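In what follows, a single structure is set out as structure tokens and then discussed.
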Amino acid sequence: MTKEPFKTKYGQGSKVCKRCGRKGPGIIRKYGLDLCRQCFRELAPKLGFKKYD
């Protein structure tokens, strides 16, 4: 019998991007987005976020 991998219940390893599945410290969870920063940069204009100088 093989053991199942340990699932993290809390911390950075438990947060995953809804779009690509990345884990780690670059997850944006504000407003329930749950996107990594790379996916957020691609989707931000479609979501209505504007970039100000």
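Backbone N, Cα and C atoms are what each Cβ position is placed from, and that goes for glycine too.
Remember, it's a predicted structure, so these values are computed and weren't measured experimentally.
These features come from Swiss-Prot:
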BINDING   C17, C20, C36, C39  Zn(2+) binding site
- In chain order, residues whose C-beta lies under 8 angstroms from the C-beta of C17 (Zn(2+) binding site), counting only those at least six residues away in the same chain, are K23, I27, D34, L35, C36, C39
- Note on the structure: Once DSSP output is merged into helix, strand and coil, C39 (Zn(2+) binding site) belongs to helix
- Message: Within a 10 Å radius around the Cβ, which one of these binding-site residues has the most neighbouring Cβ atoms: C20, C36, C39?
- Response: C36
- Message: Using DSSP and collapsing to three states, where does C17 (Zn(2+) binding site) fall: helix, strand or coil?
- Response: coil
